[in-house]
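Novice: Pasting the relevant annotations from Swiss-Prot:
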REGION    1-835  region 'N-terminal globular head'
MOD_RES   Ser97  phosphoserine
REPEAT    259-369  repeat '1'
MOD_RES   Ser260  phosphoserine
MOD_RES   Ser272  phosphoserine
MOD_RES   Ser288  phosphoserine
MOD_RES   Ser346  phosphoserine
MOD_RES   Ser434  phosphoserine
REPEAT    480-589  repeat '3'
MOD_RES   Lys496  N6-acetyllysine
MOD_RES   Ser579  phosphoserine
MOD_RES   Ser600  phosphoserine
MOD_RES   Thr604  phosphothreonine
MOD_RES   Ser795  phosphoserine
MOD_RES   Tyr822  phosphotyrosine
REGION    857-887  region 'Disordered'
COMPBIAS  860-876  compositional bias 'Pro residues'
REGION    879-1134  region 'C-terminal tail'
REGION    1003-1046  region 'Facilitates phospholipid membrane insertion'
REGION    1120-1134  region 'Facilitates phospholipid membrane insertion'
Amino acid sequence: MPVFHTRTIESILEPVAQQISHLVIMHEEGEVDGKAIPDLTAPVAAVQAAVSNLVRVGKETVQTTEDQILKRDMPPAFIKVENACTKLVQAAQMLQSDPYSVPARDYLIDGSRGILSGTSDLLLTFDEAEVRKIIRVCKGILEYLTVAEVVETMEDLVTYTKNLGPGMTKMAKMIDERQQELTHQEHRVMLVNSMNTVKELLPVLISAMKIFVTTKNSKNQGIEEALKNRNFTVEKMSAEINEIIRVLQLTSWDEDAWASKDTEAMKRALASIDSKLNQAKGWLRDPSASPGDAGEQAIRQILDEAGKVGELCAGKERREILGTCKMLGQMTDQVADLRARGQGSSPVAMQKAQQVSQGLDVLTAKVENAARKLEAMTNSKQSIAKKIDAAQNWLADPNGGPEGEEQIRGALAEARKIAELCDDPKERDDILRSLGEISALTSKLADLRRQGKGDSPEARALAKQVATALQNLQTKTNRAVANSRPAKAAVHLEGKIEQAQRWIDNPTVDDRGVGQAAIRGLVAEGHRLANVMMGPYRQDLLAKCDRVDQLTAQLADLAARGEGESPQARALASQLQDSLKDLKARMQEAMTQEVSDVFSDTTTPIKLLAVAATAPPDAPNREEVFDERAANFENHSGKLGATAEKAAAVGTANKSTVEGIQASVKTARELTPQVVSAARILLRNPGNQAAYEHFETMKNQWIDNVEKMTGLVDEAIDTKSLLDASEEAIKKDLDKCKVAMANIQPQMLVAGATSIARRANRILLVAKREVENSEDPKFREAVKAASDELSKTISPMVMDAKAVAGNISDPGLQKSFLDSGYRILGAVAKVREAFQPQEPDFPPPPPDLEQLRLTDELAPPKPPLPEGEVPPPRPPPPEEKDEEFPEQKAGEVINQPMMMAARQLHDEARKWSSKPGIPAAEVGIGVVAEADAADAAGFPVPPDMEDDYEPELLLMPSNQPVNQPILAAAQSLHREATKWSSKGNDIIAAAKRMALLMAEMSRLVRGGSGTKRALIQCAKDIAKASDEVTRLAKEVAKQCTDKRIRTNLLQVCERIPTISTQLKILSTVKATMLGRTNISDEESEQATEMLVHNAQNLMQSVKETVREAEAASIKIRTDAGFTLRWVRKTPWYQ
């Protein structure tokens, strides 16, 4: 089957597929319509010449290459293309003598398919060889990185740096060229990110090696920390280069990276649990320990971390972990409540505390088992990939030694481990069956090679058979590992809400548990937010979480009993919708407040650490101060990371922003201990320039990463909400300052004033970023003016705070300080107002009745008509046109069967309302009667009805599962598009058109009444609509004043042309198989799967483009000539 992961392959296959599509249509015309097929001798001769040239170049490459895999894989592709070309030539010759020949038509279609498939195989084989060249360079760098461990002198370091530089430059150049060639945007981003990380780490590596050499040669303290820094950097660079190697080998987008992320998350959770277990048990053992102190918080954090692990598990394992967490949480609440009432030493309280302590041990064991199982499966999966890679080299070499057979046996052993851990017996048996077949084939091949017959045709055929079987085994084991994990919910809030909504609307549809997983993810985030809240706020959020949990369980129970469409289920679904909205709003409010607090000052702790590290050797308590500040810095970094993760999970960020936050949080967690180590080296080597430079390098890297994290967090939350939260926090700080002055507490006053200054500076930073992001001159000017005014109020407030702290009883100084504080509040309010200018009331208020004047004067009479003239007739109302089905233009080719069917569906659908919540039976006659009456009276149909049609293909009963994936994808896009009227909005009109066309393609692919021509033409029509969506989206982006939104829109819409081109090629491949009996089921299924995957990607990309275009249209230039009208079909306020 064709693959299109590079622009070169796509550009070659597209014209080939276009020509093949013409041959396919000719074949069908001869087969169905009985038409004579014209003379094809000349075009087939041209194809033959092109194929001969391609094969000649390929054979020359094979003769000169040292790549054994290329030598093995090229000959079968040559044979496939040459055979297909021979069939075409034979078909042309037979048709020349008999234009109606049936065998000739069969040769024509089989040869066409073979040309397309064989050309794809040749191009893919060439491309894989090019990838192996890049991988060899990457592996060379990996090997040289290990040499860093033996560099112990400055001379060796200089030599090492000189040797590493050219190789790194070559790798960077090759990766840059490769990423530009890739068609998968995700792969490009992954390669660029990993390569950028390697580049950033290179100076850190040199610095770490330099400080290690310096401390070792001078025999100073800090060698252990320097060694940790160096090893960390080497391991980090190696991991990124290994990730580059993995991505280079991908030919389709896969979500396989989740396994390593989940393993890493489980390990981190387990480490966190272990570190807090003693503190938690200490609190439980002490009946006099206060509720809410560090010990109780440790228990909450343990349950939180264990809950994260539970969410990563499936089936019984998941239920046990989450059930234990919930039970222990309730028991901890009871213990805390008893202690708050002074009954901590009572037998009931002591017994409960002991039960919680024992329960924590049980929970820890469950978490360890879950982590061990996932790690075992992941390790086996990765081991299989490496061993199969080595085995393929052995299979390609007829004279290979016995080590290749050992690699295959090793891969089979790892696959057996995965089979044993499978919960699904069918999957387990399927893997075990494959193991037996591969083992037998490998033994037979090894015997032939031991007999010196490794180069015989039989041995070569066996080698190819084993290679294919190993690839199939890898696919099966990968699927088994993926199926052992729970359904993955979206990574961002809106995605989870959408998944949850789809399940709530259709609880009886099997969505593989995605909808419920999304709801569980939202509830889990709610619990995490509640853990850092106190008092009634915490109880309120937990109550909302429990309410959503209960309603979800009740709805799922009804659906399981087949009552998902009952009145009770519909009532539950409505309640669950409302509860989810409440939970979402409360979570976002809590998260915004936390971001406002935690991110008000990100760099002071690291600056204080730097001061402690550079303290003079004779400074008092030098070591103790350093340890305290290092602990504060680590704690602060942890808070930043945890809060950023909550912003990613609960904020309004898109997928790329969420992934960016997660990456920066991971980097911060890795860098923090390295910064502390670098600071400790500097502390123990005062005055050492190399130690100082190394610490500065590590510190700057940490600060740069946190600044990036802060920017992404600001993107993830609503700016206006953040400013509101910051303003409220400043008011509270000012109230604390009043209390401090009243109680004569200067330190409390200074703390409050410092907090006010930090929050004000944070607001300035947010405003500065928004000004840089915008190209709207009025907005920039307004925000800049408000920011300048705020900036001028901070220093006077700080000076007034210092003055009043020195003489806190002076009423005059107190008044000056409070006046300064209120000026800051006023300036903050102006910044906030600049982000949300006052809009006129909607609807406008009624006029003042007192201003109305009623008189008895009659209106002047109409002037009489000229004598003898008759009044002209009333002009007819404007003709109502169906935007989805524009009139055919002269010379335009339209897929007639599909369009006729679509028009019939459209006419039928006009009889029914598409407004939600109105049963068809209630509106059928009334709506039609009203519409007919309006038409008869000469009045236009009301605007509400102007584009209320839903093609029947997209109106499947919502209570029935959609088993056709292409149709499901079309419905998903259609649901998104029908939120808006398409009057005056060409993007919405094109999106609806695409949804209809894709629904038609679903019918054609399923073997409906359509033809090969219809399938090919449908794909072309979809591509045409895709081009229109892309063009319009780029126009919107060009006029958008928000740089961030513009970039998002362009990134989404740039995927569409590539995917639509691939759809045309795949449709041609599928068309060559329709009605053919000599195609294997496996080959036909593979073609269908690729077409389905492509269609889903296209629908998703258009859906995202519609959303981003709507967001971009809000920030359109005021002088833009290009506008789109965004009018909701169902207004948000109804």
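Every residue number used here counts from 1 along the chain in the order it is shown.
Yeah, the Cβs are placed from backbone N, Cα and C, and that goes for glycine too.
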Novice: Count the residues of the repeat '3' (480-589) that DSSP assigns to helix (H, G, I), to strand (E, B) and to coil, and report the three numbers in that order.
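Specialist: Once the DSSP states are binned, the repeat '3' (480-589) shows 84 helix, 0 strand, 26 coil.
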Novice: Considering the modified residues Ser346, Ser434, Ser795, which residue's Cβ sits among the greatest number of other Cβ atoms within 10 Å?
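Specialist: Of the modified residues Ser346, Ser434, Ser795, the highest Cβ count within 10 Å belongs to Ser434.
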Novice: Tally every other Cβ atom lying within 10 Å of the Cβ atom of Thr604 (phosphothreonine).
Specialist: 14
Novice: If you run through the region 'Facilitates phospholipid membrane insertion' (1003-1046) with DSSP, how many residues end up as helix, strand and coil?
Specialist: 35 helix, 2 strand, 7 coil
Novice: In sequence order, what residues of the same chain, 6+ apart, have a Cβ less than 8 Å from the Cβ of Ser288 (phosphoserine)?
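Specialist: Correct list: Gly344, Ser345.
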Novice: A 10 Å Cβ contact count, applied to the modified residues Ser97, Ser272, Ser579: which residue has the minimum?
Specialist: Ser97
Novice: Determine, using Cα-Cα distances only, which of these modified residues is closest to Tyr822 (phosphotyrosine): Ser346, Ser434, Ser579, Ser600.
Specialist: Ser600
Novice: Tally of helix, strand and coil residues over the repeat '1' (259-369) according to DSSP?
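Specialist: Counting residues per DSSP class in the repeat '1' (259-369), I get 94 helix, 0 strand, 17 coil.
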Novice: Counting across all protein chains present, how many other Cβ atoms fall within 10 Å of the Cβ of Ser600 (phosphoserine)?
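Specialist: If we count other Cβ atoms within 10 Å of Ser600 (phosphoserine), we arrive at 20.
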Novice: By the count of other Cβ atoms within 10 Å, pick out the sparsest of the modified residues Lys496, Tyr822.
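Specialist: The modified residues Lys496, Tyr822 were compared, and Tyr822 has the fewest Cβ atoms within 10 Å.
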Novice: Under a three-state reduction of DSSP output, how is Ser600 (phosphoserine) classified: helix, strand, or coil?
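Specialist: Going by the DSSP assignment, Ser600 (phosphoserine) belongs to neither helix nor strand, so it counts as coil.
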Novice: Could you check which of the modified residues (Ser272, Ser434, Thr604) sits closest to Ser579 (phosphoserine), going Cα to Cα?
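Specialist: Minimum Cα distance from Ser579 (phosphoserine) across Ser272, Ser434, Thr604 lands on Ser272.
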Novice: Find the shortest Cα-Cα separation between Ser97 (phosphoserine) and the modified residues Ser346, Ser434, Lys496, Thr604, Ser795, and name the residue that gives it.
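Specialist: In terms of Cα distance, Ser97 (phosphoserine) lies closest to Ser434.
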Novice: Need one number: mean pLDDT over the repeat '1' (259-369).
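Specialist: Mean pLDDT for the repeat '1' (259-369): 84.
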Novice: What's the CA-CA gap between Ser434 (phosphoserine) and Lys496 (N6-acetyllysine) in angstrom, rounded?
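Specialist: On Cα coordinates alone, these residues lie 38 Å apart.
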